[in-house]
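See below for the structure under consideration.
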Ligand SMILES: Cc1ncc(COP(=O)(O)O)c(C=O)c1O
């Protein structure tokens, strides 16, 4: 008999009932150190007092009106995002997938309005993950994502990661945009070198096409800058955001420069919930905290220490781990053992990590991780690796 919850997930037998900072408490009372943060969502950990205050203050006043009316909390958050980034305008969504939908629509509408309706092509990359809608799975393009769901939405191509010639060859007069995660998350923590992002920007300018950055996982302070593309010193035309921006409350956004957004006039797009007062009250507080330069400095400091600790673990467990990769607090351990065995052993050590493609274990802790919790996480990961090594040798 089918379970009452549609069984689309392979869930671990863990059920958390409470969160405190970087810790999750299981129904049986065990305390787990959370180095997954809900896959980069709980950017400020669990039960952050400022976020609770922002949410409960808004909850006592007004939960929802409609985008038929002015929403001051939405305006305030949009102003903050515009002030802090390349963007001139923001549309609020509820998830990364919805941000992907709008990014694709915006790019296509941009060319349509210029009398180029055939420019619908979106070039994406292998290993990419942009969500689960038809546009998002077509962008990822892998058989695993699209099989069984009918005709794949036309206009999407994938280029191998790092294949410059393939990328040039893929661009033609039907191309509207290049869509890229500056650091691939689900694909196995694969950071795009800064010079490649610069190269993509130059290529888009040369060909007159748009650059869309998917910063759903790598944005909002995760890499030690507010947004990951800032490391390369270049800006996209359109950017997808979600996950960390709501700190655990469902919220996403599409940020864009005025020129790229000009086709999106009244009636061309909408959302019932997107930018709702509760979500934006929380998002505004998250933004205040994460965009503070002192906060971002602290992310970089602890990220450096965590990386060093992980390098030590790789050296100590050469049969289990191959190398560390990633940037900021978006780190991956490329494994020699099976990554899901490492994740399972980490559960036994009461540590939460997240598997990714390419046999990688992801570490995406809260950005306000303390030194003490970081040291504890390294010690638990050490125990997990020892367990995996022992199992492999027996
Ligand atoms: C880079 C990236 N884009 C888009 C998405 C989809 O976001 P959501 O699950 O909020 O729809 C994800 C989710 O993991 C992601 O990592």
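From the backbone N, Cα and C atoms, a Cβ is placed for every residue, glycine too.
TrEMBL does not curate its annotations; it predicts them automatically.
Residues 96, 97, 214, 215, 216, 217, 272 are given by TrEMBL as pyridoxal 5'-phosphate binders; from 129, 249, 295, 321, that same site also lists 129. With a CB cut-off of under 6 A applied against ligand 1, the binding-site residues 215, 217, 271, 272 are reduced to 217. Of all the recorded positions listed here (132, 243), the one with the fewest other CB atoms within 10 A of its own CB is 132.
Take the Cα of residue 97 (pyridoxal 5'-phosphate binding site) and measure to each of the recorded positions 132, 243, 271: the nearest one is 132.
In three-state terms derived from DSSP, residue 214 (pyridoxal 5'-phosphate binding site) belongs to an extended strand segment.
Counting other C-beta atoms within 10 Å of each candidate's C-beta, the binding-site residues 214, 216 are led by 214. Note on the binding-site residues 215, 217, 271: the fewest other CB atoms within 10 A surround the CB of 271.
Recorded residues residue 215 (pyridoxal 5'-phosphate binding site) and residue 243 (N6-(pyridoxal phosphate)lysine) have their alpha carbons 9 Å apart, per Cα-Cα distance.
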